[in-house]
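Q: Copied straight from TrEMBL:
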{"type": "BINDING", "residues": "Gly138, Gln139, Thr140, Cys141, Ser142, Gly143, Lys144, Thr145", "note": "ATP binding site"}
{"type": "COMPBIAS", "residues": "1-16", "note": "compositional bias 'Polar residues'"}
{"type": "COMPBIAS", "residues": "17-32", "note": "compositional bias 'Basic residues'"}
{"type": "DOMAIN", "residues": "48-386", "note": "domain 'Kinesin motor'"}
{"type": "REGION", "residues": "1-39", "note": "region 'Disordered'"}
Amino acid sequence: MNANLNSEELNKNVTSRSHKKIINNHSKLNKKPVKEHPRRNLNEHKGNIKVFCRVRPPVLSECEDIADIRFPPYSYGKKISLASIKRNYWGVERESFKEYKFDKVFGASATQEEIFNNVTPIVQSVVDGSNGCIFAYGQTCSGKTYTMQGPQDPTIYNEGMIPRAVRQIFNHVNELKSQGWEYEIEGQFIEIYNDNIRDLLSEDPSNHRGLKFRTIHDEQTGTTIVNKAKTVNLDSVATLNWVLQMAAKNRAVASTKSNANSSRSHSIFMVRLMGTNTITGENRIGTLNLVDLAGSERLSKSGSQGDQLQEARYINSSLSHLKTVIQGIKEKSDHINFRNSTLTWLLKNSLRGNAKVLMFVHISPLESARAETESSLEFARLVNSA
């Protein structure tokens, strides 16, 4: 572990200082426009919101409950269909297919590296001064956390999108040094639990003694900061590893019938970059939000009671508001109410305008999860349309 991780500086709240730094950088941006980077392009002519679908592989104990999920030939990896047996009025059975088309579809054999190769343009655009948001959506136990963070003890082969994205940022920043660019990279890692923000980098996020975290948006720079949440200077891979370990330990989990280790909160890793070119005087400010959403679930199936029932209601409500917001963005609505939930208000600057958004819709391979699978795919179809 890097020695500076144990210093007082790491445990100090530097949000106010970071906010002033962003304001100062913006004043320079008004004097010198940011030049477009030649690699900064994510098929912008097709819109800023992309949808990928990923099917998680089944485990051995699930082999007798596998749904008939197919990937139509000649669809260039962009279609998925669910097959089912329908019985008509006279009792005659026939096979029926429901097909969905997205920007990319990944089957159960897809690797983490293959997934991330399709994510890199968004990460590059953030280094170039844009805002970006990558988030995992889907039912409980569909593989969202695996995609975003990897397994509990990840290797370089199966680590998730979060560590890969930050390491790519480190690599890009190092490459740009030869062109006179110097970057500061900082991060906050929070969760939204029962519509309240908790700091995942706190020693004890469940005991903030009435501390109220507040989302602060800067309309001039397009940046967002969670006031009073710890801000960490992401200066090395060792610091990144510490952040991921602390956040994983602190995230709220509870046991449900759907998943013995189901995440009961939305987690958001907020990475902010502030770049200055010592040769040209140009400045860049970009933010990447990496979001692992809590799993959607039917209350009748999950068996939630008491506190877990309240958790499930907050989760489903916030996901419903997220659907409404994204639909409004796709339809170019005159008024989009981001304030309806803490989640959408926090993500405002990473969803609207020129922000690049990528949603991974995760589905289970199980026949018993068909209702949730169809619900997730229908929402994904809505997001991917227009």
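Using the three backbone atoms N, Cα and C, a Cβ is placed for every residue, glycine included.
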Q: For Ser142 (ATP binding site), list the number of other Cβ atoms lying within 10 Å of its Cβ atom.
A: 28
Q: Take the Cβ of Thr140 (ATP binding site) and count every other Cβ within 10 Å, whichever protein chain it belongs to.
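A: If we count other Cβ atoms within 10 Å of Thr140 (ATP binding site), we arrive at 24.
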Q: What is the pLDDT of the domain 'Kinesin motor' (48-386) when averaged and given as a whole number?
A: 88
Q: Among all chains shown, work out which of the binding-site residues Gly138, Gly143 has the most CB atoms within 10 A of its CB.
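A: Per the Cβ count within 10 Å, the most buried is Gly138.
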Q: Which Cβ among the binding-site residues (Gln139, Cys141, Lys144, Thr145) has the fewest C-beta neighbours inside 10 Å?
A: Cys141
